[in-house]
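Presented below is the structure to which this report refers.
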Amino acid sequence: MILQELRIDPARLVSGVERLGKIGALEGGGVCRLALTPSEKLGRDHLVAEMKALGLKVAIDPIGNIFGTRKGRREGPAVMLGSHIDTVATGGLYDGALGVLAGLEVIATLNDGNIETDLPVVVAAFTNEEGARFAPDMLGSLVFVGGLPLADALDIVSIDGKRLGDELEAIGYAGTDQGPEEVAAYFELHIEQGPVLEDEKIEIGVVLGVQGISWTELTIRGRSAHAGTTPIRLRRDAGLAAARIAAGVGAFVRALGGDQVGTVGAITLTPNLVNVVAEKAVMTVDLRNPDEALLQAAEAKLAALIEQIAGEEDVTIERRGLARFEPVDFTPALIENIDGTAKALGLSTRRLFSGAGHDAQMLARIAPAAMIFVPSVNGISHNITEYTEPADLANGANVLLQVTLKQALPTNGEEA
Ligand code: GLV
Ligand code: MN
Ligand code: MN
């Protein structure tokens, strides 16, 4: 068999995405599989069963990362294909799931063709990539690469007040296995989650790296008071301070321009009642930029804004860093491999930087790593209407298959 002619089964891939998409499905579309919740446990159980059905040896590590290994002719460093199956609370079927399920589709294709690789091929699903329930994001892959001590990770508390280690135990995924000791190369297929590929009618995004991420939680404390009787000049209004910070973030991000983005995605007021001046506000600020120096400049703007508003509104503002990751560049040889492979498959390509965080940025700390993007319809993601056309899913999975073969079977092209 000429290995360059090997292709994945598009219908089987789509069916895999749809089956996982039924787990944690929301009425009206989309899914909620927040990390380490009962619905995510069901997703994990499903994934483990699928891995076993494909003959993979399943390992669960102490942070709950799931690894399914297909043996190679040799022991040694593995080619890893991965992503995540946790979602935001109002997520779609493709973010993360595609990278894991396309990994399984690569395995199924190798199995069907009776193809032995030199190196083992591992499919990985990393814990809590989204960071929506436990911060930071990319937590499982961060622990896997040694970037965060396990004990510290297990002590992280969720937005609903639960300790990560306890939640991991509760769903039965506090594993005792070790993940692969050495990774020869890491590939992650993911939806773009933005509009560029669709807009330019490009089939495959060749990802150069991931922009820097800075997440801060602010706790603003003022004084609750009667909304009718308290003169404005005598208020210490935490709600107003939060609103001014949100507006201020929007203003400085616009003024900085370029690639700078900033988001206030969560604000919780206490006591959150119509006729009570809020005594407390807890809010988040997400700043991102592909350039570390510019990201630091944005962080400095935020710091100045906080100081200004604290003074003007007579409130105290406490800051807690939730996540801070510098921009990451992927491995040039793998970038070339992806671009060349996609072109050889007759697909149009474009190089781009990722706006979203991904497990690949953590794996890049210990191994050559790169990513393949496929278009997102209307550029929409972190939204229940997230969608990618079946033909694009198949294109991405075929690129994943071929780059895997090149990496795991350096004799690719000869008879299997
Ligand atoms: C995580 O996926 C993020 O980019 O927010
Ligand atoms: Mn993702
Ligand atoms: Mn996501």
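Cβ coordinates are placed from backbone N, Cα and C, and glycine is handled just like the others.
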Q. Same Zn(2+) 1 site as HIS84, HIS190 according to TrEMBL: which of ASP95, ASP199?
A. ASP95
Q: Please pick, from GLU40, GLU50, GLU130, GLU336, the residue that TrEMBL records in the Zn(2+) 2 site together with ASP95, HIS382.
A: GLU130
Q: Using a 10 Å cut-off, grab the number of neighbouring Cβ atoms around the Cβ of GLU130 (Zn(2+) 2 binding site), all chains included.
A: 24
Q) How many whole Å apart are the CA atoms of HIS190 (Zn(2+) 1 binding site) and GLU130 (Zn(2+) 2 binding site)? A) 13
Q) By DSSP, how many residues in the domain 'Peptidase M20 dimerisation' (209-312) are helix, how many strand, and how many coil? A) 43 helix, 35 strand, 26 coil
Q. Hey, for the Zn(2+) 2 site built from ASP95, GLU130, HIS382, who else sits with CB inside 8 A of the CB center?
A. THR87, VAL88, GLY91, GLY92, GLY96, ALA132, GLN193, ALA356, SER381
Q: Tell me, roughly as an integer, the mean pLDDT over the domain 'Peptidase M20 dimerisation' (209-312).
A: 98
(Q) According to DSSP, collapsed to three classes, what secondary structure does HIS190 (Zn(2+) 1 binding site) have? (A) strand
